[in-house]
Amino acid sequence: MNQFKIHSPYKPTGDQPRAIKSISEGILKGEKFQTLLGVTGSGKTFTMANIIEKVQKPTLVLAHNKTLAAQLTSEFREFFPENCVEYFVSYYDYYQPEAYVPQTDTFIEKDASINDEIDKLRHSATSALFERNDVIVVASVSCIYGLGNPEEYKKLTVSLREGMEKDRDEIMRQLVDIQYERNEINFVRGTFRARGDVLDIFPASSTNIGIRVEFFGDEIDKIREFDVLTGNIISARKHALIFPASHFATSKDKLEIAIKKIEEELEDRVKVLTAEDKLLEAQRVRQRTNFDIEMMREVGYCSGIENYSRVLDGRAPGTPPKTLMDYFPDDFLLFIDESHVTLPQVKAMYGGDRSRKNNLVEYGFRLPCAYDNRPLKFDEFEGKLNQTVFVSATPAQYELEHSTNVAEQIIRPTGLLDPEIIVKPIKGQIDDLYASIKETIDKGFRVLVTTLTKKMSEDLTDYLKSMGIKTEYLHSSIDTIKRMEIIRDLRKGKFDVLVGINLLREGLDIPEVALVAILDADKEGFLRSETSLVQTIGRAARNSESKVIMYADNITKAMDKAISETNRRRKIQMEYNDKHGIVPRTVLKDIRDVIQTKVAEDEAEYKVNNNTDKLSKKEIEKLINKYEEEMKVAAKELQFERAAELRDEILKLKEQL
């Protein structure tokens, strides 16, 4: 049995030992929910790693976007080089779900670009969970979407052992059944090739290592790993387990049973639509479903096979899909990172998916079983939890109400204090900001400025550039990789000031930042809530000389709470430093290169419906209600740029009424 073992030159310090002991003991006692309330820069990831080492449980770490998941994965890999740390996120570089717009009679076909590297990492994660127990999977919220039945996935694996009597052609047939393709020329992931008594297999979870099976008659003589590029033998193996090339792979027997059920559901649906005098819809659903059935019979799958996953799994209507969480053993541990953002995301997933599916089913593009190809509802998600640790600097009400233990981690290992907060009047804020920026840059540090609107960000960026200050504007239409490049360039000193509406999304923990300026801090709303302000203040918590300037004419309730909490933490930190003779020191953090794998932007720029001139008054009112709901969800998830765009669109629509 492999054990989790941390490799790090550092030992837990400050509040870390107490937090590690408290939460580890709680887990071993069987406590279901706990919270790690750790301020920015207090080493929450290191604390999580130490807890994993203490409790020795397979662990799922849930992050609220792909970029944070990638950062956490690389950190955990540094801490656990001997153990298995996997990355599981949506494998789409681009994804346009199928949808139907009845107002314009427009059907939008599903269009997607799958990232082969991320697909490989997903297969690597699921296969690792069946092969070993020392596994950490860092995932985005895509892990609550249907993934295929883990029991079927395990049952379909092809087990090959040295000395086993097995016909080569029989193994090839088994590989085809689990979605592998024979390809003698282009040997890539999910393919195999046969040359005489040698069978080469390129596993779906592998990057550059293939499995070579050599036969002597009908007996497996040798199993060896080889480099698929050079052909060099790497090592000999006694046993190899080949997992399916698709998470939705199904045995032939099960597929035939599922097809019969799909045909029955099709007949029932056609009867319903015909009775409602929806003849076009009835013909459409019959034609589309029969085409899918034909494809499944011929090649074992079809485009959009996930829409039949409930039937393929043999689940009853309305029952939750199998997800990554079902691939874990029962006693797994879950960390929900930045839980104040991640949990609202989990809650919002089901509603958005359901509303899109309604039109597809209603207008005959899909059978009702498509409803069950969906993310988990929140209560279903809760039902799959074993033991959970919420991790956040600003845990929300849900986390605090459910937790039997809240471990505070306020003392930073570096001795750094929460930044000093200065409140200044709005009048003359730009001139004052310019002077503060100049002072900070002259010391060799960087500046973050957060504004309320896109226009203000653009105007401020132009103004600062005209004054000779190297400034960049970080906005929602910039994709993940570009955002990371901008952050890296800020750290390298290619520019000195970063302006934006939402500077929380990447967890911008940049040691070089010594000033965070919050413009119009007293304008109450989702952009200036207590959580948002505390998180923004935290951006200045990696530098010993940092400070925060809030420009405001009044102290709002949110400001008062954020300032009070920051001062409370600052007092505790100062007392600890005085007692132990610690001098605060700026974090020295390596500037890592951008992740090589190209990932899709989680929060792609939100596309609102600009073609509203032809809508009736009733349709406009309906659209306003829809946007208001989406704006609230976006605000809860701290996606402020998206929420601000929706707010602007709502105001435009109200003018049309």
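Glycine is no exception: its Cβ is also placed from the backbone N, Cα and C atoms.
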Notebook entry, point to check: Pick from 91-114, 187-210, 427-450: which range has motif 'Beta-hairpin' per Swiss-Prot?
Noted result: 91-114
Checklist line | Secondary structure tally of the domain 'UVR' (621-656) (DSSP, helix then strand then coil) | finding: 33 helix, 0 strand, 3 coil
Check: Looking only at Thr40, Ser42, Thr45, which of these binding-site residues has the biggest number of Cβ atoms within 10 Å around its Cβ?
Finding: Ser42
Note to self: Check the DSSP secondary structure of Thr45 (ATP binding site), expressed as helix, strand or coil.
What the structure shows: helix
Check: For Gly43 (ATP binding site), which residues in the same chain are close in space, meaning a Cβ under 8 Å from its Cβ, but six or more apart along the sequence?
Finding: Pro12, Gly14, Gln16, Gln409, Arg412, Pro413
Notebook entry, point to check: Inside 8 A of the center formed by the CB atoms of Gly38, Val39, Thr40, Gly41, Ser42, Gly43, Lys44, Thr45, which other residues of the chain have their CB, for the recorded ATP site?
Noted result: Thr47, Ala393, Gln409, Arg412
Checklist line | C-beta crowding around Val39 (ATP binding site), within 10 angstroms | finding: 26
